[in-house]
Amino acid sequence: MAKKVGVLLFIDLQPLPDSVEQWVKKTYHAELSGGATLQIVFNTQEACKLDVGTSVEAVVSLMHTPGRHSPSFLAEVARVLNPGGSFLVLEPLLVETQEQKYSSTQTNAGLERNLLLAGFVNSEVDFVTGVEIAKACTTSSVALNLVAVKSKKPSWDSASVFQLRKGSSQKGRARTNGNHQPVKFTAGDVMDDVLSMSKSVVKLDLTSNFKDDDEELIDEDDLLTEEDLKAPEIPKAESCAPTKKACKNCTCGRAELEEKEEETKLTAAQINNPTSSCGSCGLGDAFRCAGCPYRGMPTFKLGEKITLGESWLVADA
């Protein structure tokens with residue numbers, strides 16, 4: 001019977017340094033317990049394909065060549081890694097401020113993005129310096145920073161099915177904790193979701209018959225002042241109202257109004273032989289002053305009789 005593979009190690013460095021194998025076995029001793037073995041894959045290419053039945057608890061990928069952790073390679077690792085398994089990537093990477101000299105070279109942000117798209121979560125980036133595993137995988141051909149990225153595969157897998165529990169039939173709402181035990185809501189659980197209510201209660205007495213003799217009633221007449229009780233003064237009518245014209249001793253101002261009306265009336269002489277002291281009366285109302293006697297009359301020529309034009313004598317349709 002074939003032994004179960006606990007940890008899968010990808011590396012493009014041969015021969016394999018003893019320090020690397022010792023470090024992997026020490027770090028992943030829990031995954032290698034119970035008879036599980038360490039499987040090592042050398043010279044990994046970008047289009048790496050593993051056996052269909054491969055299933056491991058942890059994957060370690062140590063590459064001294066930049067750009068080996070392509071999206072297709074990360075997707076293959078995600079396929080063989082069990083849900084909840086850990087994944088460690090070690091690769092020379094450029095910092096974001098450096099110019100990319102090689103098309104296969106990635107940055108920290110680019111590698112994290114590819115890990116996320118492949119389905120890995122909780123990625124943590126660490127710069128590895130002064131460690132034996134880092135010395136074994138460094139290269140002098142390109143000035144890069146050796147970066148270790150730790151991530152995990154979610155505990156759930158794609159197309160996973162979860163059964164929803166029905167609500168508790170007991171009185172009151174219930175919820176479940178991590179041990180799947182029903183927990184009842186308390187008043188403290190909902191204090192943030194409801195408005196605080198005052199403990200004081202306003203009591204209304206609706207038994208009163210409103211016939212208490214001790215109650216004092218206010219007389220509305222007491223609210224009136226002496227000025228309110230005075231009768232209003234009726235305005236006096238004009239002294240010459242019954243007559244058609246103002247009387248001799250007019251004091252109401254009617255005589256002045258009649259004088260102004262007389263001044264504005266045109267005489268026969270003004271119609272037959274119109275004159276103008278300003279010279280603008282015959283041009284129309286737009287050029288006439290406010291007290292002009294010719295206001296409302298059509299345009300005319302000075303010295304000629306004022307007549308209405310034919311358009312004035314035709315009724316509007």
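Just so it is clear, glycine is given a Cβ too, placed from its N, Cα and C backbone atoms.
Given the structure is predicted, the values throughout are model-derived calculations rather than measurements.
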Swiss-Prot record, motif 'Cx2C motif 1', of the ranges 50-53, 246-249, 278-281 the matching one is 278-281
Which is it, of 240-252, 253-265, that Swiss-Prot names as region 'Fe-S binding site A'? 240-252
Of the ranges 125-128, 145-148, 201-204, 289-292, which one does Swiss-Prot flag as motif 'Cx2C motif 2'? 289-292
Centre the Cβ atoms of Cys278, Cys281, Cys289, Cys292, go out 8 Å, and tell me which other residues of that chain have a Cβ in range of the [4Fe-4S] cluster site. Ser276, Ser277, Ser280, Phe287, Arg288, Gly291, Tyr294
Give the number of CB atoms, excluding that of Cys289 ([4Fe-4S] cluster binding site) itself, located within 10 Å of its CB. 10
Tell me, if you would, which residue among Cys247, Cys250, Cys252, Cys278 (binding-site residues) has the fewest other CB atoms within 10 Å in the structure shown? Cys278
I want to check the contact list for Cys292 ([4Fe-4S] cluster binding site): same chain, sequence separation of six or more, C-beta distance under 8 angstroms. What comes out? Cys281
Integer Cα-Cα distance in angstrom, Cys289 ([4Fe-4S] cluster binding site) to Cys252 ([2Fe-2S] cluster binding site): 28
Looking only at the motif 'Cx2C motif 1' (278-281), how are its residues distributed among DSSP helix, strand and coil? 1 helix, 0 strand, 3 coil
In angstrom units, rounded to an integer, how far apart are the Cα atoms of Cys250 ([2Fe-2S] cluster binding site) and Cys278 ([4Fe-4S] cluster binding site)? 35
